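Before any comments, here is the structure.
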Amino acid sequence: MANSKKQAWFFYTTGLPSDIEIEVDDITFHLHKFPLMSKSKKLHQLITEQEQSKVYSHIKLENFPGGSEIFEMVIKISYGFKVDISVSTAVPLRCAAEYLEMTEEYSPENLISKTEKFLSEFVFTNVQESIKALKACESVSSLAESLCITEQCIDSIVFQASSTDPSSFYGWPINNGGIFTVDRKKQSKDSKTELWFEDLTELSFPIFRRVILSMKSSVLSPEIVERSLLTYAKKHIPGISRSSSASSSSSSSSTTIASENQQRELLETITSDLPLTATTTRSLFGLLRAAIILNASENCRKFLEKKIGSNLEKATLDDLLIPSYSYLNETLYDIDLVERLLRRFLENVAVSSSSLTVVGRLIDGVLGEIASDANLKPEQFYNLAVLLPVQARVYDDGLYRAVDIYFKTHSWILEEEKEKICSVMDCRKLTVEGCTHAAQNERLPLRAVVQVLFLEQLQLRQVITGTLLTEEDGDKTVVDLGRWKEAVKENQVLRLDMDTMRTRVNQLEKECLYLKKVIAKIDKESLLKAKHGAGKWSIGKKFGCKFSAQVCDSQEATMVDRRSRRFLS
């Protein structure tokens, strides 16, 4: 039955029956008075009081530190048996010795002095052992606090952590969730103490935060504080990792997962405790994803967005592709978040040109990934593309690729919307390959194609002119042979492109002339029918066809003029 009491019998001297019963946690220990009274002042007083009142010797110890297991160890020590003290039992044994008043004054080499010696020699000299002892303090928190054991453990952790080299963190791999993981194969014997970051995750959050606050108040490097926080967050907030590995899933199965409210509170507290510097961008993205999933406070999300935005050049394309967790967003990825992060980055007046270029390539990569989203509206694509300053893009090939994918996926958008999106591109920044592709791209609006063709012709003339120019020093002309060969090769490529362009324009002219003849014929037939009362308006006017001979004629003249000028040159 649940109420029945278990009994533990201890007869360490043959033939001597027990003369006292002590109850701890519903377990009755049948013991002997003499060894207990010789070591414990409190038990001596309790046994003496019962003997004077002539009551059967049965003592119940309420709220005994460490419970029946620790009391059993105390009994063995009192009887003179050898007991191996470990880090996990040293703290509750010290508290139990205080509870039973097993002082040095009462009996030499008593339990208090033994446990204090063990703590000072084997626990407070090692950071990992101090963390284990601090974990043991949680079960005897009140006595551990009054004896200052908890404070001593925290001070020991902070002191020992100060000897850890923060630069060793940067060589460690990072998993998909954005949190550091330990590469144990690469660790040397001298770096084994760095595993204490994982040990910190076993602490309860109130105790862990006391450690963090103590770290921040000391001269400890921000990298160590950051790593401690992020490792703890990964262990207790599953949403930080984008994909769980086998190791993380196995470890999470043994860890009790907190409720959503507890995770949210934990995340907000960890975020507020992050150092102002030295936080890795990828780790922050993991926290930001968790903040969105857990619907953390606005201040928490703004803080993370500000920290990420200030170091956006350190992010990767995978970091920025955060799924839309809100049902209000129709797009696959959170485009508004990317736009806010970019604005945060541009607010920094100290942005270098190299960082701006890196972010430019990053945003063009994002545009290329989101362009295939059927729910992405033209204004959303345009707003993100136009937000980058002109100097952020050295070449516009990445932007052109994104625009081409968007037009291919969204063939239904209006011509005006296409022209607006193409206005972000600078055709002068397209490479030769980009210009060649754009000149033959039927998805681009006509205005964009004309701009590309015009710039191709301009570039061709500039290359030819620049190649033929030589330095005139009065004596002789010096021509760089290597540069000449390169220019000739590029000239040949451009000539082929011009031939392709000319063929396409000729086809367009033929189609225009053919359509003009067909429409003229239809209008002529309509006029004849109108005279006989068959209709009043011509089909050309009815359908709004406004093809004029002047348009095609002017284009023909222009092309003839271009050809003549080219052959003359």
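Residue positions begin at 1 at the first shown residue.
Cβ atoms here come from the backbone N, Cα and C positions, even for glycine.
As annotated by Swiss-Prot, domain 'BTB' applies to 18-87.
Taken from Swiss-Prot, the feature domain 'NPH3' covers 194-459.
What Swiss-Prot records for 240-261 is region 'Disordered'.
Summarising the annotation, Swiss-Prot assigns compositional bias 'Low complexity' to 240-259.
Taken from Swiss-Prot, the feature phosphotyrosine covers Tyr400. For Tyr400 (phosphotyrosine), the same-chain residues 6+ apart in sequence whose C-beta sits under 8 angstroms from its C-beta are Met425, Leu430, Gly434, His437, Ala438.
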DSSP-derived structure type at Tyr400 (phosphotyrosine), helix or strand or else coil: helix
Residues in the domain 'BTB' (18-87) grouped by DSSP into helix, strand and remaining coil: 32 helix, 13 strand, 25 coil
